[in-house]
Every structure is written in C-alpha cells, then in structure tokens.
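**Student:** This is the structure I want to talk about, given as structure tokens.
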Amino acid sequence: MSESPETPEPSPAQSPEAAPEQPQAARPVTPGSQASFGTYGGRPVSFVRRGTRLQGRRQQAWEEHSDRWAVDVPRHIANTSVHPDYVFDAEAEFGRSAPLIVEIGSGLGDAVCHAAEENPDWDFLAVEVYTPGLANTVIKINSRKLSNVRVVEANAPEVLATMLPAGSVSEVWVFFPDPWHKSRHHKRRLIQPEFAALVAAALKPGGLFRVATDWSNYAVHVRDVMAGSADFVNLHDGERRGPESPLTQVWQSGVESLVGGAPVKEGRAPVSTEHTGPNEGVDETGGWAPRFEGRIRTSFENKAHEAGRLIFDLCYRRL
Ligand SMILES: C[S@@+](CC[C@H](N)C(=O)[O-])C[C@H]1O[C@@H](n2cnc3c(N)ncnc32)[C@H](O)[C@@H]1O
C-alpha cells in the first residue's frame, strides 16, 4: 500500500437510501482489493474501499439481477481492477448503437437512473467501487424498467484506460467526487492531469466532460487541471466571474471555513477542509458552467445545500 488510508470524507454512498440495514462495522481491507494495493498507474487510488458486504434488499437485488445489469469484468491485480485485455462492446451489450454516457462514481445511482429514464435513446454506464451503491442502482434499474443502464464495479481510471474503446464515449460525468480535503491527500483526488488524458482518450471528438462539486478547493483544482489540458476547451471560459462567481461568493461568505461547510453531527468531529484555497477575494477567472439541467439533485447534493455550500459545475468539450 502506498500509504495508510485515512477515513475519507463522508460520501453519499455511505448514507444508503434503500431499506434500513444493520449498522456495518468498518471492515479491514481485503487482501487483493485495490485498497490493499493502493495505487494505479503510480498514483494512489481515489477511494478507500469499505462496506462491500450486502444485506437485505440490496443483497437480494444483487444476487438476482447483477448477471443482467452488471458488466462482468475480468479482473487483473485487484477485485476492482479491469484486466487490460478486456474491451467493452457497448453495441453488443445494449443491442443497439446509441450515444454512450459514462458516469464515474455513480454512488446510489440517482443521477444515472434519472438521466436514463429521461433519455431512452442514450445508453449509460455507471462506474462505481462501492458495492452497496451498485446494488442500489440495480434496484432502481429494475423498479424503473430501464434497459439502457449497465453498472460496472471497477476503478474508473482503468475503465477509461483500457475497457472503453478510444473515442467511443459521448459524455463522461463526474458528480461530487470525493474531495480529499487535506493537502497531503490531494494526490488521491480522482481528477488529475492523467485522468483528464484518460477522459480525452475515451471521448469522441466533440464529446463532453461534465463535473460538479460542492467544494471550492476541488472546483479550483479541476479548473486548473483542465486549463492545463490541450485536449479540451472550457465551454464557459471566463463566464460567471467577479461577483457572479460562486467562488467569489464562497470566499466572501466564508461558508466553507466555518466547520468545513459540513453540518456537525452529534458525537462527530467537524470535517476540516484546512483551507478553501487561496482566498483572492474576487474570482476574476470564472469559467463556471450553469447548472447542468440533466443532473438531478441527489440526496448528497441536498446535504451540501443544507450546509450552505455552493455547487460548482464545469463543462469541457473534447477537441
Ligand atoms: C462523494 S461520492 C458521489 C456519488 C454520486 N456521484 C452523487 O453525487 O451522489 C463519490 C463516489 O465516487 C466513488 N469513487 C471514488 N473513486 C472512484 C474510482 N476510482 N472509481 C470508481 N468510483 C469511485 C466512491 O465510491 C463514491 O461513491
């Protein structure tokens, strides 16, 4: 393992919306799991894998329906890895030729299932390492009778690098990636220059990369990473700057600096963001997209709003 993983910030995947379950004790890292290797492509992976055990409704759904809706990926070094020889054949899987949207870190499947329902002519691949979230997505696929969604339990950079044919994807979505607040953990953030290059390779020319985050420091990080990529153009370059910028508004309100912008739960320490980035008072750069209308407000995003945090949308076109 490259470093001992620290408890990541709470993710929606850890606040299940499905049937009530018994509380799960934190599980030790399974030997052979990606968290026990900790790296991919020389970088620490962006997740710490916990809670792979399924219970109740989720277990039943996974046992009964994962054969149909989960892509059976041959593994490589870890149980979240994808064998580099494996290539996904979307046309064979969906039985048609349609634009393919890939949502990375799909959590409980709220966004992907909503989008699939709204866009029956598109196909969707939900990429997630959190098994209960995948089981929840399968429950939604079944209950809404969706035929245009598949899930894959895998580390996203590997899905982009080798599983998806180059130039085969119409859009890649990353909504509310784990923020990894502490400076020493920033290297764990999913969106990095190497990740942007993988997204670029998977996308068709003209394809879109959409990101949303509720943390200003991650938003600036994404904007910086993407500004350094020659493969993309920001569709909203220079927009929403100055007083209109959500970054200016966060800096001026100090909303994230109180207790990391997170509501303090009884008996729990507040999340510390350490800092929200260099507070320049006014964001003269902008580049923020309007809210993506195809993104529904998930329970996770609701929590951000309740805590008073602002949402940053970003949208890039593959050249
Ligand atoms: C903060 S949650 C957001 C979930 C969802 N997008 C939402 O808005 O509710 C981030 C999710 O990304 C997943 N994730 C993190 N790194 C990943 C990776 N390398 N590959 C696949 N999923 C990953 C986590 O398991 C977690 O469920």
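Cβ from N, Cα, C; glycine included.
Features from Swiss-Prot:
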ACT_SITE  Asp178  active site
BINDING   Glu103, Glu128, Asn155, Asp178  S-adenosyl-L-methionine binding site
BINDING   Lys182, Asp214, Thr298, Ser299, Phe300, Glu301  substrate binding site
COMPBIAS  14-26  compositional bias 'Low complexity'
REGION    1-44  region 'Disordered'
REGION    262-288  region 'Disordered'
**Student:** Measuring Cα to Cα, tell me the gap between Glu103 (S-adenosyl-L-methionine binding site) and Thr298 (substrate binding site) in whole angstrom.
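**Tutor:** Cα-Cα, rounded: 14 Å.
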**Student:** On a count of neighbouring CB atoms within 10 A, which of the binding-site residues Asn155, Thr298, Ser299 is highest?
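**Tutor:** That would be Asn155, with the most Cβ atoms nearby.
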**Student:** Sorry to bug you, but what's the C-alpha spacing from Glu128 (S-adenosyl-L-methionine binding site) to Phe300 (substrate binding site), rounded to the closest Å?
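**Tutor:** That comes out at 15 Å between the alpha carbons.
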**Student:** Express in Å, rounded to the nearest integer, the largest CA to CA distance found among the S-adenosyl-L-methionine-binding residues Glu103, Glu128, Asn155, Asp178 named in the record.
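**Tutor:** Taking every pair of listed residues, the largest Cα separation comes to 14 Å.
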**Student:** Rounded to a whole angstrom, what is the C-alpha distance between Glu128 (S-adenosyl-L-methionine binding site) and Thr298 (substrate binding site)?
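**Tutor:** Distance between the two Cα atoms comes out at 16 Å.
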**Student:** Cα distance, the residue listed as 'active site' to Glu301 (substrate binding site), nearest Å?
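**Tutor:** Computed Cα spacing between Glu301 (substrate binding site) and the residue listed as 'active site' is 13 Å.
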**Student:** Of Glu128, Asn155, Asp178, Asp214, Thr298, Phe300, the recorded positions listed, which put a C-beta under 6 Å from ligand 1? Please answer none if none do.
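**Tutor:** Within range of ligand 1: Glu128, Asn155, Asp178, Thr298, Phe300.
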